[in-house]
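**Q** Can you read through this structure? Questions will come right after.
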Amino acid sequence: MDFDGARGSREVVELRLQIENLESRLATLKTQLAVAEKKDILTKSQDDFVAKPSIKPGTEDSHGALDFTNLKRGTLTEASHSRWPLQNEEYTRYGRQMILPEVGLPGQLRLKDARVLIVGVGGLGCPAAAYLAGAGVGTLGLVDGDTVEISNLHRQIAHSTATVGMSKVDSAIKYLSSLNPLVRYERHPEHLAPSSAIDIFSRYDLVLDCTDRPSSRYLISDAAVLTGKPLVSASALKTEGQLVILNNPPRSPRDPAGGPCYRCVFPKPPPAESVLSCGEGGILGPVVGVMGVLQALEAIEILVAGPIVSDASNGTVEAEPARPTLLMFSANSQPQFRSVRLRSRRKDCAACSSAATISRRSLTSGLLDYQTFCGTVAPVDMLPAESRISAAEFSNLPSDSRGVLIDTRDETQYGICALPGSINVPWTGDAKSWAAKASSLEDVARAHGPAHVVCRLGNDSQLAVKAFQEHTERFEAKDIRGGLRAWREQADPEWPDY
Amino acid sequence: MAESTSIPLTIEFTGGLELLFSNQRKHKVDLPSSKQSPNVADLITYLCDNLMKDPRKDMFVLDGTVRPGILVLINDADWELEGQETYQLQPRDEIVFVSTLHGG
Ligand SMILES: [Zn+2]
């Protein structure tokens, strides 16, 4: 009896175990099925989008889109071979985020299946890429044509002293691979060009604009609209940052329910002379870091939320209305964050409206010149040769012929390094009042010989010399050509190169 | 009574625009209102003539409106949602001028 009883209970335990195993396998399959079904809806809507009459059949673009869907399906089949949908290591690696109800297994599978393109691997792109790689985004594409410079390292955390001189894309991939080798990294070590943007964007699900100039922002927005990709865009300068999610939901051009694009918000580019780069205006590392991390967060939220789910009972797709916002961050303001409502799609937008004039063809054929559209600041060259002196010539002048030396950089830069005996009169932009102020200074008024004017790169100093000539009586003023950069090259190699 | 009225407003400049306004972000402005109720276009003219000491007016205003690259926010919403220049200002409205940043 005892023997039989023991055998009986062992059988019960084994049967229970088998049922448990099968049930857990069934649960996994159901989850995978749900994900696969949602994926199918997304794929179909993308196919619809590609099939829109405005897009010429047989171009490389539609070919790219086909490759993209095949790839996605391939990944899913691959995953369903094993007993668990993720590799064992992935449960451990991503467990801390997977146990969040917002992510869960379906969210993690969507991340794994996602293909994200990061354009610009600098102060924004480095932290964004790090967090997306860490989170287990399946494929990360990186676009950047620059090489790593030592002045990047205070904020571009994926690069290192050892990778100075290396392509930013390769430097970042080196860092990211050691962070998470399970991610597939795709190299695009070139500047994004209109001719290739559509082809590249077509191969991804979502795009991050981590670039640093208006021309690339318009190009990225146009390409995102034309390929139907949501766009997470950020920027930063000095102690401030801005974040906006564009073309989300990424409806086809002409569908007003889609999110606005960059051109809807900024139909005209800013005057080139109003645009400051990080090299000119400065940037605090954690400020641009915050913005890049926020881009990663927004990307994860979009990917984990998954595609729009159809209501199976009546077959209609529920349209989630776009609620576009601009998030502004300012390190020195209280509160530091502020979110404001933006407009929806513009009825006459050149990219995303029914009146759109920008097409795949206008990008791929090179008809659109984004540089010209955004303008460039021509180097200042306004003075006759006799009003200029080279840094080498100036350094060879006997000290009694140097006259007075005026430095027009701001107080902060002047405080970093200044030529002995120079007088700091920061350029204000107002020629008349600047000339009045400079000529009223005792050291300037008393000086014998010409006033020499120097600045960082030799632009403001020319404006200042012209101001002297036009608004004061007695001054012979000369510009030190090429500013303190030329001074370093021609006269003093130890001059700080900030 | 009509000639002495003014509308108290909070004006803020960000994204580098504060440099054009004495390097000060927040300004309390009492906008004179000889008309029934001034709109945002009137405010921009007033700011340009009275608050802006920097002579580079075209860094703020171009072709009669704010230059491209500046967002105008009326009480935390894009002014395009509120009628742009024609929005009639109300006492204690908060108007923010944001210059877009491009660095990264
Ligand atoms: Zn648009």
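Each residue, glycine too, has its Cβ placed from N, Cα and C.
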**Q** TrEMBL lists coiled coil for one of the ranges A:12-39, A:264-291, A:292-319, A:432-459; which is that range?
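**A** It is A:12-39 that TrEMBL describes as coiled coil.
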**Q** Quick check: of A:Gly123, A:Gly228, A:Gly241, which does TrEMBL put in the same ATP site as A:Asp144, A:Ser151, A:Asn152, A:Leu153, A:His154, A:Arg155, A:Lys168, A:Asp212, A:Arg213?
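**A** The one candidate that TrEMBL places in that ATP site: A:Gly123.
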**Q** Excluding near sequence neighbours, so keeping only residues 6 or more apart in the same chain, what lies with its CB under 8 A of A:Ser151 (ATP binding site)?
**A** A:Gly279
**Q** In the predicted model, what is the mean pLDDT computed over the domain 'Rhodanese' (A:399-496)?
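**A** Overall, the domain 'Rhodanese' (A:399-496) comes to a mean pLDDT of 92.
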**Q** If one measures from the C-alpha of A:Cys261 (Zn(2+) binding site) to the C-alpha of A:Cys455 (active site, cysteine persulfide intermediate), what distance in angstrom results, rounded to a whole number?
**A** 39
**Q** Please list, in sequence order, every residue of the chain apart from A:Cys261, A:Cys264, A:Cys349, A:Cys352 whose Cβ lies within 8 Å of the Cβ centroid of the Zn(2+) site.
**A** A:Ser221, A:Val225, A:Asn247, A:Pro260, A:Tyr262, A:Arg263, A:Val265, A:Arg345, A:Arg346, A:Ala350, A:Ala351, A:Ser353
**Q** For chain B, which of the recorded positions A:Ser151, A:Leu153, A:Arg155, A:Cys261, A:Cys352, A:Cys455 fall under 8 Å by Cβ?
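**A** Of A:Ser151, A:Leu153, A:Arg155, A:Cys261, A:Cys352, A:Cys455, none lie near chain B.
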**Q** Of A:Gly123, A:Cys261, A:Cys264, A:Cys352, which binding-site residues come close to ligand 1, meaning Cβ under 6 Å from one of its atoms?
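**A** If the test is a Cβ under 6 Å from any atom of ligand 1, the answer is A:Cys261, A:Cys264, A:Cys352.
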